[in-house]
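Listed features, source TrEMBL:
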COILED    71-98  coiled coil
DOMAIN    624-690  domain 'Mechanosensitive ion channel MscS'
DOMAIN    702-781  domain 'Mechanosensitive ion channel MscS C-terminal'
TRANSMEM  265-282  transmembrane segment
TRANSMEM  302-321  transmembrane segment
TRANSMEM  327-346  transmembrane segment
TRANSMEM  358-376  transmembrane segment
TRANSMEM  382-399  transmembrane segment
TRANSMEM  411-432  transmembrane segment
TRANSMEM  438-463  transmembrane segment
TRANSMEM  495-522  transmembrane segment
TRANSMEM  542-563  transmembrane segment
TRANSMEM  583-604  transmembrane segment
TRANSMEM  610-637  transmembrane segment
Amino acid sequence: MSERRLRSPYSFFLLLTILLSLNFSEVFGQIQLLPVRDTLPASQDTVLYQIQKAQATLDEVNINNQKGFNIARIRSGLEEMEQNLEPLEADLETKDKTLDMKSLQSYGLILKDSRAKLMDWQSFLASHHHDLLAQQLRLKTFSKDSTLAQYDGDSSYRQLYATQIVDVRGKLALGLITVATELDSVSTLLADVSASSSRVNNLQAMLDEQLKISGKSQLGKESPYIWSAPRVAEDISIKDLLNSTFQGQNKILKYFIRSTWDNRILLLLISVAFFVWVYRNLKKVSSPELKEAVGEVNLLYLNRYPILASLIFLFNLTPLFEPESPAFYIELNQFFLLLVLTAYFWKKVKPEELKHWLLSVVLYMIVILTTVVVHSAIWMRLWLLILNLGSLYLGVVFYRRLQRANFDQKLVRPVLIIYLIFNVLSVLLNVFGRVSLAKAYSITAIIGLTQVIGLAVFIQVVIEAIEIQIRISACSNGLFSRINIAKSRATFYKLLTGLAILLWMLVFLINLGIASGVYNFIEQVLTKSRSFGSISYQLSNVLYFVIIIYISNLLQKYVGLLWSGNNLTFAGKTEPKSSKLALFRLLIIVIGFLFAVMASGIPVDKLTVMLGAFGVGVGLGMQNIINNFVSGIILIFEKPFRIGDYIELAEKKGKIQDIGIRSSKMLTAQGSEVIIPNGDLLSGRVVNWTLSNDYLKTELLFKVSNETDLDMLRKLIESEVKKSTVIVKRLAPEVLVNAITADAVELKVMVWVNSVYQEANFKSQLFTALLAQFKTLGIKIL
């Protein structure tokens, strides 16, 4: 009974607590379900903030709408591309039509360019489409935002922004329409670009198949043997062949010229700069101020107005700036080069040599036209055979006259041999029914011969232009006054010869029709991913690494030519130079190494491990080299001496000629160059005679009889010393008694000389003068 009474109050309170909890939970749940504006109205700052965010989004929409110009440009470019692809597609889909290798390769260039444009357009449109979707989502979010909504019972501070809210909501609605329209346009254009991309891929597959068929037909017997060839080819006329070839190549040429104008403009600017450079230098050489200093300049390839020389420069460099140009473009460029060379040779070569040159030009034009119209008929093949025999005769004549030509025989002779071999092969291929290959070999041979002559002239033109620059620079204390001129000429000639070989190989590959194959092979070899342990790399990255390191080494080696002025001599007066040159070299090495590492593509963490392992090996096996390298860095910052300072190290004395990273050079009075490791300079006892000034206190010792009047002798010595022009006037000479014997007195003469390099000359002059005075005064020297 009592226990029940005690529990009843607790039971009552427990029941009451549960009921209250349930009621409050229901109330709080109802409060949370109510709209925000009914419970907690948006503050003034919140409304203003949302308006500003909405306005920023609208501004972004307006900015993106300006990309509509790019959309229109892409649409126009796509329409033009479709028009260019229509005749190409018609040729490839015509089953009965056989296309030659030259046209197929030209079509390949068009498809490659179209594919690159489509990829760029697709990437741009996809990015723009993504941006538009994001903008549309933000605009919809702001349109549904209750903060920017209007209600009848809005507070007074919300009514302050009523006008702005109405304006923003109107702009939001208009923005949604604009974005939707732009999104529809971009989506449609993106679909069209994707369709064109599929079309280009299909055409590329058809082209690859045609190339395989054409390659097999060229290597195989495509025509009967020449003795079995028909007299007339069926359904083929020369006029139709010329018209179809001209129309097709003209179409390809127009497309190529329109799509590669940027490289052509760059080449034109370089050629104009070459003309201005040569013209100004020729004008300087003929001026009275430099004419006597430069001397007579024998110019065989340049004249006062180097217009033809600049055109030769232009047409020879064209393949380098347009390596993927079609064969017809190369043939046209070579034809213009022949015209310029003909005008160039007209008054410069002997009549007999000019006759052979004109014969080669005529032969070039005939071979180009013949290869267009040659077919399986016997009379056309016989005509091509006659041309090949005439080409062989011309090649033999050129080969015999090569000794008298003013060209580099190492460059021209191999090309002449290739020219003769290709004409022989063309004859054999023509006889045995490989007409297409015979035409390709004939064109390659004649273009290779005429091109190498143009390249030989190009080399001589540039060499003469450089020779003029060297002479002007040497006379005006320019760059070439500090270096070995003969070595510079040889270096420039090697570089130009290498460039000429590269240009000839480019044209050679284009004419044979294997340029794209060779480019693709080289690209695959260089870009193929390879592995060394856990490190992946490409040969292209390794090549970049080696090239950058090599260029950095050359720069740090020859940067002193731009920094230090004239060559250092021992006797000449030299202003001491700071160690900035060595610091500059160190910066070049460090920056070059960092660029090389970035170009190698090796991850930094793996590179750190490699460098750590390499550092341990180097530290154990190459301690002296590392010591010298670190010592060089310390010398750069500590600056115990400068270039031009006169120092003494152990038994060596001389002038510092160069401060390098690993070693430094000293020029001695005997003219020898002593290479001293930087470790020895840092750890050894170095005496710098010219650190603060060039003064030197020199000493002279001689003995006279103890009967000599020392006061008179002292005055005599001081008088003769003061006559010298190399002493420091404000520091009086000192004549001291150094030692006394039974019959002699030893005198020490100490004099300050204004230059350490004048010490020997001063002693010689003083001893000579004193000897004459001693004889006159009867002073006996012991």
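Backbone N, Cα and C atoms are what each Cβ position is placed from, and that goes for glycine too.
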Please indicate, using numbers and ranges, the residues of the same chain that are 6 or more beyond the transmembrane segment (411-432) and have a C-beta under 8 Å from a C-beta there. 221, 225-226, 381, 384-385, 388-389, 391-392, 395-396, 398-399, 402, 405, 438-439, 441-442, 444-446, 448-449, 452-453, 455-456, 459, 497, 500-501, 504
Summarise the model's confidence over the coiled coil (71-98) as a mean pLDDT value. 76
For the domain 'Mechanosensitive ion channel MscS C-terminal' (702-781), how many residues does DSSP put in helix, in strand and in coil? 35 helix, 23 strand, 22 coil
The domain 'Mechanosensitive ion channel MscS' (624-690): DSSP-derived helix, strand, coil residue counts: 21 helix, 26 strand, 20 coil
Stretch-level contact, the transmembrane segment (495-522) and the transmembrane segment (583-604), CB cutoff 8 A, at least 3 pairs: no
Quick check: do the transmembrane segment (438-463) and the transmembrane segment (358-376) share at least 3 Cβ pairs under 8 Å, counting only pairs 6+ apart in sequence? yes
Lying 6 or more residues past either end of the transmembrane segment (382-399) yet within Cβ distance under 8 Å of it, the residues of that chain are 226, 356, 359-360, 363, 366-367, 370-371, 374, 413, 416, 419-420, 423-424, 426-427, 430-431, 435, 438-439, 442, 445-446, 449
